[in-house]
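Student: A single structure is presented below for examination.
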Amino acid sequence: MGIKVQRPRCFFDIAINNQPAGRVVFELFSDVCPKTCENFRCLCTGEKGTGKSTQKPLHYKSCLFHRVVKDFMVQGGDFSEGNGRGGESIYGGFFEDESFAVKHNKEFLLSMANRGKDTNGSQFFITTKPTPHLDGHHVVFGQVISGQEVVREIENQKTDAASKPFAEVRILSCGELIPKSKVKKEEKKRHKSSSSSSSSDSDSSSDSQSSSESSDSESASEEKSRKRKKKHRKNSRKHKKEKKKRKKSKKSPSSESEAENVDAQPQSTVRPEEIPPIPENRFLMRKSPPKADDKERKNRERERERECNPPNSQPASYQRRFLVTRSGRKIKGRGPRRYRTPSRSRSRDRFRRSETPPHWRQEMQRAQRMRVSSGERWIKGDKSELNEIKENQRSPVRVKEKKITDHRHMSESPNRKVEKEKKAKDHKSESKERDIRRNSEKDDKYNKNKVKKRGKSKSRSKSKERSKSKERDSKHSRHEDKRVRSRSKERDHETTKEKEKPLDPKGKDQERSRSKENSKQVESKSNEHDHSKSKEKDRRAQSRSRERDLTKSKHSYNSRTRERSRSRDRSRRVRSRSHDRDRSRSKEYHRYREQEYRRRGRSRSRDRRTPGRSRSKDRRRRRRDSRSSEREESQSRNKDKYRSQESKSSHRKENSEGEKRTYSKSRDHNSSSNNREKKADREQSPVSKTKQSSQDNEVKSSTLKNQEDEKTRSPVEKENQKSKGQENDHVHDKNKKCDHESSPGTDEDKSG
């Protein structure tokens, strides 16, 4: 008969959120797996000190239950980290699986948690339902004897996604339970030994008293004691047999009831697929080594893809992304297309030959739109036409400024105009490129500066003319004077013909080129004459005295005829210019009128909507019309006054010049010496005389013609002018009355 060994027991005192929840007592199956039970018992008592790898005490005290899965299990035992990644056995690190004899066939079993085969450490779990799917993977080494309700309370705690309970479930204290049955047996043995000694003492006293008796009684007592011992042994054997039978009889119904209970117990509703995996212990590993299963799966997937897609073909997902151009090329990659191949058909693609991308071409087109369109192509020397186009597009205020400048030009003499035109041509040639680049706003400033420069150039030209005339009079001879006169005639005829014709841009170019050539010829000839003068002075001095007497009469007659012809030509030019100006002014005035009528037509629709504003605008227009008419009348009066003054001054000049001529003729006849004649020739050269006489004749002819025009004006025109002036005055008075009678308007009306 083998003696039955009692299994070791351990306990946990558990607290939830630092509040004691109760004690759980475990019975360890030391007979089935002694090594695992010894590991658990030592961790409960903490008798093994610190761990080799973790360097922490090998003790479950103050350890957490870090993983709780309802209807499955409650896990703990990670004393190093407290999250399921730590722990260590008393043997150092991990130890092997000992036995899978006991199955997970009931609830409240104590089993070892691991990370795979032979990876048992300090972590354990208590099942709350039968879990047969864990058989063969985890070693069962104990069961819960008492404290099942505490385990249920831990199971019912709320958890997060990682199955960690929100409440802190901690082991306050733990240890081993020693059974009391051993102490009782020892006490019983001691009690039996004491009773047997007392009985032996009593027997010895009785023997001493009866020593006197006979030896027969002694032998009889010995036999009786032997019989008693035999009987006692027999009885003890019988009792033992009976006890064994009773125990067997008790065990058989209990085993049947246990089997029935196992069948009646509900199995776990949790599937093994739903159980979350146990976190791996990676410790200091930066990258975990790839598993063999994962490698095999990847290899299988690659083989399937190769079988489905041959080496030349591409996957379907990428084939959808590829775009094909017109030429048949596949476009790979992401993002918008920046370049494309040219189409083979010319009709399809407009920009077949251009290599610039479309987005670049769009930017170029936008930049071209921003450039100012200059209209017609600019020809060399056409600055005046461009200025006229720009001035026509401007407001009527600028037209009035033009009229004032035109009046100033009228008052100037024709000789000065010719000289100004020559200078203006040089100035125009220099400033052609500048004027093209400038805008319309800069053109206004340029015109104003031009008017100022003309005034300055007049004074300079006068001083230059005087100095040149003196030098030429002293140097040039009569033969040179004749040549100069003939050239001047030809130029005058050419200028009159060209001015009578309508001016074209090509004609202007020809005029400018001719004037430049003439000026160059005159300069070259003057230089030649200066060189030859010094040689010919002696010869000419002798011939002058002889020829003067003969040529005086001829020269006087010829000069008169020339002066008359020149005066006629110039009067014609003046008339043509005045007519042209009047026409241009009338055209500009008609344009201005048409613009005003258009504005009035547009404003009528607005006036219907807003009658108050239309009245104020009508008043402003009337005032402007009246002011413009008054200005025109004042300008015409100033013209008449200026012409009359010019005629008077010309008459006075003629009288004074006639007196001077008679006086000089008498002096010339009376003088006998040649020296006086030479001095008179130096003081007054024939060129200067001809210029003065020509100027006088021109002024006379212009004044006479102006007087004739004024006389020939019909009385009907005068009456029309008077009636127009009366109407304007009448309108002006009405406007004033309306302004006085009307209510106080806005700031705009007052300013208008």
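The backbone N, Cα and C atoms fix where each Cβ goes, glycine too.
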Student: Out of Ser219, Ser255, Ser584, report back the residue that Swiss-Prot marks as phosphoserine.
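Tutor: Among Ser219, Ser255, Ser584, the one Swiss-Prot marks as phosphoserine is Ser255.
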Student: Among Ser254, Ser571, Ser647, which is annotated phosphoserine in Swiss-Prot?
Tutor: Ser254
Student: Can you tell which of Ser122, Ser257, Ser317 Swiss-Prot marks as phosphoserine?
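Tutor: Of Ser122, Ser257, Ser317, Swiss-Prot lists Ser257 as: phosphoserine.
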Student: What's the number of neighbouring CB atoms sitting within 10 A of the CB on Thr356 (phosphothreonine)?
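Tutor: Counting Cβ neighbours of Thr356 (phosphothreonine) within 10 Å gives 11.
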